[in-house]
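Asks: Below is one structure. I have some questions about it.
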Amino acid sequence: MPELPEVEVCRRGLEPELAGQVIQGVVIRAPKLRHEIPPALATLLPGCRVVAVRRRGKYLLLDCERRGVQGTLIIHLGMSGNLRFVPFDLPPAKHDHFELVLAGQILRFADPRRFGVVLWQPGPPASAECHPLLATQGIEPLSEMFTAEWLYEAIARRSGPIKPTLMDSHLVVGIGNIYASESLFRAGISPLRAANRVSRARYEILVPAIRETLSDAIAAGGSSIRDYVHSDGGAGCFQIQAGVYDRANQPCLRCGGVVRQIRQAGRSTYYCTGCQH
């Protein structure tokens, strides 16, 4: 599933070509995704100008305006979705479900597994935060509010393992499986350690590790593990730089210990038995 870095890379790829554009038309081929695409978008969006392309957690937010009427198109890429700019003469593929017709090109949304979201929130940009999908989202890990002190206090009463706790989007948004494993590796913290058994001093190490991991992933274009591609069709390469992710039974790049793979909350976790405690 595309996580914060992949969605941020997507946002940065879309913004230069999309912001300021007037939507010429909308095509809805298969409305039944995780939530049904509102059919009203076909008449609501044409003529709207995209005034900003934002991100909240793993959601893309396209703020639109037409003659003083405002609203936000909320997009989630789901498990396998992607947004690509394509020429008018490129025929749609089997899993191309939704598109915005622009001046000179099309922004096309493909989603083979149909877990994505394309929804509309009327009102000014700030009202998007009131949408049920966004209202319960946690703190942004790249924001100034995300500090060691905040995380220590927020997790003080949580006794579950630290790795699944970091992946709770109601607490912190966008730290997906690969980035939780990599952040804990960089901080030298075992993913098995109870969240409330991590000391305040170690949170002072963990928070910068999370920030650095996410920032490095964004700089690398994200991680293309399965279906994820950029808006221009290119792939991310952070997975090549990973210290522990997908390196089960290989020597640790830091200490030479063995990288182990286990299951936590139904997801694969990778960590070094030698230098993560």
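Yeah, the Cβs are placed from backbone N, Cα and C, and that goes for glycine too.
From a predicted model like this one, the values you see are computed outputs, not experimental measurements.
Feature table excerpt (Swiss-Prot):
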ACT_SITE  PRO2  active site, schiff-base intermediate with DNA
ACT_SITE  GLU3  active site, proton donor
ACT_SITE  LYS58  active site, proton donor
BINDING   HIS95, ARG113, ARG158  DNA binding site
ZN_FING   243-277  zinc finger
ACT_SITE  ARG267  active site, proton donor
Asks: Note down the number of other Cβ atoms within 10 Å of the Cβ of ARG267 (active site, proton donor), including every protein chain shown.
Replies: 15
Asks: Can you check how the pLDDT averages out over the zinc finger (243-277)?
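Replies: Averaging the confidence scores along the zinc finger (243-277) gives 97.
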Asks: Can you tell me how far the Cα of PRO2 (active site, schiff-base intermediate with DNA) sits from the Cα of HIS95 (DNA binding site), in Å?
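Replies: With distance taken Cα to Cα, HIS95 (DNA binding site) is 17 Å from PRO2 (active site, schiff-base intermediate with DNA).
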Asks: Determine how many residues of the zinc finger (243-277) DSSP places in helix, in strand and in coil.
Replies: 0 helix, 14 strand, 21 coil
Asks: Does anything in the same chain, at least 6 positions from LYS58 (active site, proton donor), have a Cβ under 8 Å from its Cβ, and if so what?
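Replies: Expected: MET1, PRO2, GLU3, LEU4, VAL7, HIS76, LEU77, SER169, VAL173, GLY174.
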Asks: Taking 10 A as the limit, how many CB atoms besides its own sit near the CB of ARG158 (DNA binding site)?
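Replies: Here the count is 16.
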Asks: What whole-number Å value do you get for the CA-CA distance of ARG113 (DNA binding site) and ARG267 (active site, proton donor)?
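Replies: It is 18 Å, counting Cα to Cα.
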